Amino acid sequence: PIWIGTFAASGVELVILLSWWLYRKVRRHHRTQTNASFFGTSTGKENGSASSNDYDGDAKLVGKPEPASRMSQASMSLESLDAGESPELEFKVQGYRNHWYGTVVLSTLVPVSLGFVVFLAILTADYYGSLNDVAISLSYGSTRLSNHTLIMVWYSASVWFLTLNVTRFRLRNAFRMPCTHTQSHVVQIEQTLEPMVMLDSESRSLRWLRWLEERIKRFSGWHAVVRTERVYRTQQGRLYFTYQCTRYVLNEAADRFEPFDLCLGDTSQQVLAHDKGLTTPEVKRRLELIGPNFISVHVPNFLMALGQEFTSFFYLYQLLILWLFYYNMYYK
């Protein structure tokens, strides 16, 4: 019965995952797909000047700029990064919506993961006769069959847990539905970080190792920092998200999130012109587009921190390797 249940559960899980993949693919095919937005944020001048964008309710550029401000584009395409922009500030944004079926499919990963641990525990206990006082009874008394079964399950569990760990930052969005930014509940941010080579050697072996490292990172998706941020609405109904202490407001006309930057002035006289303070409407406008001057620090609760700790690579290694020690007479 245990083998019948194992293969039946594996088949059901495979069908569930394939059904979600096909459903998601069909829905994406019938929807207008959105190209991810790329940003190359300018570092700004030393005198504190920057560009500013203002939107009305329809996300259009409106209004006259203040005497100490000017209008310019707040986001740039990839081609504009050659004009002295830092490639470290380039990132891609993709919107996602929650879907009930994707959430159900995602929840099935938990019992499958626990099932691998239970299966390894059962095989180990059976090896020592702790199940029914008969050693390796599940393998009909065959030590060779028991070893083969344990190794097969161990390799399967290793691949399963390693895949979940490598894709952990993209996993939740894989069970959400891609959509336009105006319909998104969350956005996935991918920021590519170029490696810093302190000493560029002409050694062929080092060049080959760097090439191999780059290929492995891109294959596993670790060539970029991936973050998922929730999309909020302002009091005026504008969609926005916050990333690296910067608020990005949705420009519905272009279907892209853009930062709002203020130009305080290029000269000392222009900066001193603000010594009288701001009017109430101007304060509300800036609070709407920039947000409060507050740096938030996310601290997970105890259960979340505990889960993050015990799903890291170190504990994954401990979990899998110790089962081999327990099985190979380490238990006694």
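Numbers here mean position along the shown chain, with the first residue as 1.
Note that Cβ sites are derived from N, Cα and C of the backbone, with glycine treated the same way.
Listed in TrEMBL for this protein:
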TRANSMEM  6-23  transmembrane segment
COMPBIAS  37-54  compositional bias 'Polar residues'
REGION    37-57  region 'Disordered'
TRANSMEM  100-125  transmembrane segment
TRANSMEM  145-167  transmembrane segment
DOMAIN    275-319  domain 'Cation-transporting P-type ATPase N-terminal'
TRANSMEM  313-331  transmembrane segment
Looking only at the domain 'Cation-transporting P-type ATPase N-terminal' (275-319), what is the model's average confidence as pLDDT? 86
Taking the transmembrane segment (313-331) as reference, the highest number of CB pairs under 8 angstroms among 6-23, 100-125, 145-167 goes to 145-167
Determine which residues of the chain contact the transmembrane segment (145-167) at the Cβ level, with the cut-off under 8 Å and only residues 6 or more beyond its ends counted. 109, 112-113, 116-117, 119-120, 123-124, 126-127, 136, 138-139, 174, 220-222, 311-313, 316, 319-320, 323-324, 327
Residues in the domain 'Cation-transporting P-type ATPase N-terminal' (275-319) grouped by DSSP into helix, strand and remaining coil: 26 helix, 0 strand, 19 coil
